[in-house]
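**Q** I am attaching a structure below and will ask some questions about it afterwards.
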Amino acid sequence: MEILEHQLKSKGYKITKHRMAILNVFIGSDEHLLTAAEVYNRVSSKENNINFSTVYRNLEVLTDANIIKRLNLDNGINYYELNQGVHHHHLICLECGNAETTKYCPLADLKALAQHNDFLPIDHKLEIYGYCKNCNNSKG
Ligand SMILES: [Zn+2]
Ligand SMILES: [Zn+2]
Ligand SMILES: [Zn+2]
């Protein structure tokens, strides 16, 4: 939490009770990706005087401070995840919506881009859609 506090301060933000509560939702969550509504539901079960727009605003602050990452999926919904500083991609199940993380980056060899396009790649995003093991098995 001290590191997070430092990250917030360096962006000119304070660590508040609400921001702590939001971060604890991510830390205590089994799911990797959470929507703003899901975060709100969990926070509001512990903090009774918090409304959705407060949660949403604080998610944006935490995203700006690089503590949380925002991800826009094909369904048009924004998801949030804790920024753990480990590069990964998401395997999203079209059936149950479960999101797994990749164990390696399938685009690791982006150096070729630098040669072919005279472009310096810094970051990239990739989400893979399909069926998780459970859903694939039940499909027979
Ligand atoms: Zn599934
Ligand atoms: Zn992730
Ligand atoms: Zn990658």
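From the backbone N, Cα and C atoms, a Cβ is placed for every residue, glycine too.
TrEMBL lists these features:
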BINDING   His87, His124  Fe cation binding site
BINDING   Cys93, Cys96, Cys132, Cys135  Zn(2+) binding site
**Q** Tell me the Cβ neighbour count for Cys93 (Zn(2+) binding site), meaning other Cβ atoms within 10 Å of its Cβ, over all protein chains shown.
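**A** I get 17 for this one.
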**Q** Could you tell me the C-alpha distance between Cys96 (Zn(2+) binding site) and His87 (Fe cation binding site) in angstrom, no decimals?
**A** 24
**Q** Between Cys132 (Zn(2+) binding site) and His124 (Fe cation binding site), find the distance joining the two CA atoms and give it rounded to the nearest Å.
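**A** Cys132 (Zn(2+) binding site) and His124 (Fe cation binding site) have their Cα atoms 23 Å apart.
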**Q** Any same-chain residues 6+ apart from His124 (Fe cation binding site) with CB under 8 Å of its CB? Would you list them in sequence order, or say none?
**A** Leu107, Leu110
**Q** Going by DSSP, is Cys132 (Zn(2+) binding site) sitting in a helix, a strand, or coil?
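**A** DSSP call for Cys132 (Zn(2+) binding site): coil, neither helix nor strand.
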**Q** Under DSSP, is Cys93 (Zn(2+) binding site) helix, strand or coil?
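**A** Cys93 (Zn(2+) binding site) sits in a strand per DSSP.
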**Q** For Cys96 (Zn(2+) binding site), just count the other CB atoms lying within 10 A of its CB, please.
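**A** A count of 12.
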**Q** In the same chain, outside Cys93, Cys96, Cys132, Cys135, whose C-beta lies within 8 angstroms of the Cβ mean position for the Zn(2+) site?
**A** Leu94, Glu95, Gly97, Asn98, Tyr131, Lys133, Asn134, Asn136
**Q** Please report the three-state DSSP label of His124 (Fe cation binding site).
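**A** Assignment for His124 (Fe cation binding site) reads coil.
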**Q** How big is the gap, in Å, between the Cα of Cys135 (Zn(2+) binding site) and that of His87 (Fe cation binding site), rounded to a whole number?
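**A** Cα of Cys135 (Zn(2+) binding site) to Cα of His87 (Fe cation binding site) measures 26 Å after rounding.
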